[in-house]
């Protein structure tokens, strides 16, 4: 209940106001002792007393990321959402600088772009010192105008992501904001006017007109001289303005231009160095590619030779194994023929059928007879048996 947003509070940037603080930081704040003891039950009126007790700014610090009282009060303001008039009074308070800084931080989170520039830019003239706690728990010294510049130019402050705002020149171009004027610009213009009035002007007594001391000179030369004089006067005005008022904007712009020039020089040097490194890498890669292509061709030739040698060895091995298989097969066939020639048979077959033993002898005799003469023997038992078979079938006998 104590961590809920006020039911009457309006959404900021389309979300719950407390969601402007990141969830992890918000949970750290809810668990802190300062939030539980000092921020419980605070209202817009009693919040001022707690803000007056602040003595430093900051986000979270330490190993367990403890939140500072400044961040706790900022979250409390997001929770109760005080009126805009109260926030403006916070910013206009000149007696308590931390109250002013707290109001500026809250307005930067919740205010519109026009309100942010309207109420925060005048605080550039506040040069009072404030203490800021770093993430390691140490304190550093800064100023109110530096804190305001961080709010207007950076995207992150006090461990809180700031909403994005448009640049000032965009708002000036659209007519939303007037061009910014320094607080000491009026005094500087008055001083310039007084200095110009002090310069005497020579006039003629009869007619009261200015003497023409530059009679006979060309108009182009006069225009160039006037332009140089205006430029010198402008530079002198800027230097005297910076020396008189110590305007931080002028110093910051001058330092920014100087730093910008140095940055451009560094960028050009970096680009040139990058181009040289790129050309060097390109040459190195080209040489490496050439070496790689030569090595690859050499490896291909070596692989081709090894492949041919393996093919020859494989063919030789095949022929050798083929001849060995042929010899084995011939040897097996010879052994088989020898076994068949010996007429190896089972004892049972020899006992039962004696005619089978006589058949080879009969065939051998038949072959011998054929070798002696081609005329068949009519008394051959085979021929007789065949003729009987043909006669039973009704065929003629063999000749």
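Using N, Cα and C of the backbone, Cβ positions are placed for all residues, glycine too.
TrEMBL entries are annotated by machine, without manual review.
Annotated domain 'Pre-mRNA-splicing factor 38 C-terminal' per TrEMBL: 179-276, in sequence order. Here TrEMBL flags 180-399 as region 'Disordered'. Marked as compositional bias 'Acidic residues' by TrEMBL: 185-205. Sequence annotations record features per position, and here TrEMBL assigns compositional bias 'Basic and acidic residues' to 206-233, 246-314, 325-336, 349-372. For 315-324, the entry in TrEMBL reads compositional bias 'Basic residues'.
Mean pLDDT for the domain 'Pre-mRNA-splicing factor 38 C-terminal' (179-276) in this predicted model: 63. Across the compositional bias 'Basic and acidic residues' (325-336), DSSP helix (H, G, I), strand (E, B) and coil residues number 12 helix, 0 strand, 0 coil. Under DSSP, the residues of the compositional bias 'Basic residues' (315-324) split into helix, strand and coil as follows: 10 helix, 0 strand, 0 coil.
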